[in-house]
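Structure first, commentary second.
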Amino acid sequence: VYAVWSSAHNAGAFACVAVVQIATLMFTHSIAAVFYTASVVSIVIAIFIVLAGADRPATVGLPSIGEYTGDEVVLDDGQATRAELTDLSLWQIFVRYILTNKVVWAITLTSMSLYLVRYGIMSWIPSYLTQFKGFDPGTAKWLVGIFELAAVPGVILMGAISDLLKDRRAIVCIGCVIGLLICLTTYFFSTSHLAIIIVLLIMGSLIYAPLTLVGLMVNESVPKFAVGSSTGFMGFFQYIFGETLATALIGILVAKFGWIASNTVLYTAAGLALLLLCYIAIHEHHVAKIAAGE
């Protein structure tokens, strides 16, 4: 279910590319019209969410997810909890369950590394494909959206597989990152346009599936009342460090050393994510044993 929700990011990213391209054609390449069109679409969606949405099950008279499913969070010390509220202050929650939580740090750094790969590919698709691979600029722009859209079925499939493996989500992520490293090699060194397009479609799933799962994993590693803090903490590293390094740093390195520098950064980030996921997989095995009472 979480994967279905998360795949909306990818569908929305494709819709963004489509709206921009269509608005550009409709309004004779007016940049202002493109922004106005995107803003109107966003406002309509936001109004729908305000009218139709609810913040949590209790708002509409339903039991909490923990009460409904019986799921518990198993912490490092072996404690299990379904609590959604606490008397702890925000700072106490942050220090106790986020700042001193090794698993949260491992998942956060994994997510940061994957964000670096995500934006290191997505942000530079038009420039890389036109300057280095000989693609037509129009085709390269649409491939950004297709890269996002192709991730939707893959994200949902990998989420379902992680459920079948009884929440051993790190194992699924490890498989995705290994596949990603193989695809990166083809993306970097292939001269076939068809092969590059196919690899881009595959990489959409191999990047976004683990990104979706680590978002779920970080929330599963803390009590319900700390989920907001864990999500915000991870998001800070994703965008402040992951996206910034993928755009600003890669741009500087490419200007100075060429695209080989970008390739090296992406390989390194994916390798770091793989090492961290191995640590998380060991932790998941330990937690599973605690939950089983072994």
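Placement of Cβ uses the backbone N, Cα and C atoms for every residue, glycine included.
Among the features that TrEMBL reports, domain 'Major facilitator superfamily (MFS) profile' is placed at 99-294. Residues or ranges marked as transmembrane segment in TrEMBL: 7-27, 33-54, 103-122, 142-161, 170-189, 195-218, 239-259, 265-282.
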### Query
Relative to the transmembrane segment (265-282), which of 142-161, 170-189, 195-218, 239-259 accounts for the most Cβ pairs at distances under 8 Å?
170-189
### Selection from 7-27, 33-54, 142-161, 170-189, 195-218, the stretch that has most Cβ pairs under 8 A to the transmembrane segment (103-122)
195-218
### Message
What residues elsewhere in the chain lie close to the transmembrane segment (33-54), defined as a C-beta under 8 angstroms and at least 6 residues from its ends?
### Response
15-16, 19-20, 23-24, 26-27, 60
### Query
Other than its close neighbours in sequence, what residues sit by the transmembrane segment (7-27), given a CB gap under 8 Å and a spacing of at least six beyond its ends?
33-34, 37-38, 41, 141-142, 144-146, 148-149, 151-152, 155-156, 204, 208, 212
